[in-house]
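Heads up: the structure comes next, in structure tokens.
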């Protein structure tokens with residue numbers, strides 16, 4: 001499997017240093033989840049009560065998926081491509097475990113969770129499409145192997161599914177408390 005993972009990496013990873021324009025675009029796509037996800041959650045929160053619930057549960061499910069990533073990386077260390085001296089590394093990154101990709105888990109977790117609500121399926125589709133671009137960019141810039149990206153989809157999909165099967169109802173009282181607190185704060189601010 002490692003051989004296939006490395007071969008796929010070399011097909012996607014930059015063959016040479018790209019021009020500054022392409023590098024800026026690729027770097028932006030690789031780091032996009034850190035901007036897109038909070039903006040989407042805030043936009044959902046301020047649209048409606050339904051949007052608040054979707055944003056709240058998407059955030060919790062995704063935090064759980066990212067926590068699962070952390071546990072996986074503690075139990076099974078997998079080098080990043082640059083630690084294996086493979087391909088080009090175009091952005092700086094710490095030498096921690098590469099499997100699974102946190103950036104893709106973040107986007108995919110949010111996309112899968114939001115997509116559970118029919119009202120927001122289009123937004124979920126856009127987020128998931130952007131997660132594919134993010135995954136490609138993370139491999140292109142040399143900080144992930146392709147299987148790290150695939151693993152992120154598997155982890156986020158499984159954890160989001162499990163969250164909505166067994167945990168989401170338990171967090172609804174917390175959501176209601178946050179909504180009540182928001183109303184009090186907004187009333188006092190007026």
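Every residue gets a Cβ built from N, Cα and C, even glycine.
Model, not experiment: these values are computed from the prediction.
Residues or ranges marked as transmembrane segment by TrEMBL: 28-47 (among others). Note on the transmembrane segment (28-47): residues 54-56, 58-59, 62, 91, 103-104, 106-107, 110, 114, 120, 123, 127, 130-131, 133-134, 136-138, 140-141, 143 of its chain, located 6 or more positions outside it, place their CB under 8 angstroms from a CB of the stretch.
Per-residue confidence over the domain 'Phosphatidic acid phosphatase type 2/haloperoxidase' (54-164) averages 96 (mean pLDDT, predicted model). If you look up TrEMBL, you'll see 54-164 marked as domain 'Phosphatidic acid phosphatase type 2/haloperoxidase'.
According to TrEMBL, the transmembrane segment annotation covers 54-77 (among others).
TrEMBL lists 122-139 (among others) with the feature transmembrane segment.
Residues annotated as transmembrane segment in TrEMBL: 145-164 (among others). Remote same-chain residues near the transmembrane segment (145-164) are listed as 1, 5-6, 8-9, 12, 57, 60-62, 64-65, 68-69, 72, 78, 80-81, 98-105, 108-109, 112-113, 116, 131, 135-136, 138-139 (criterion: CB distance under 8 Å, separation of at least six residues from the stretch ends).
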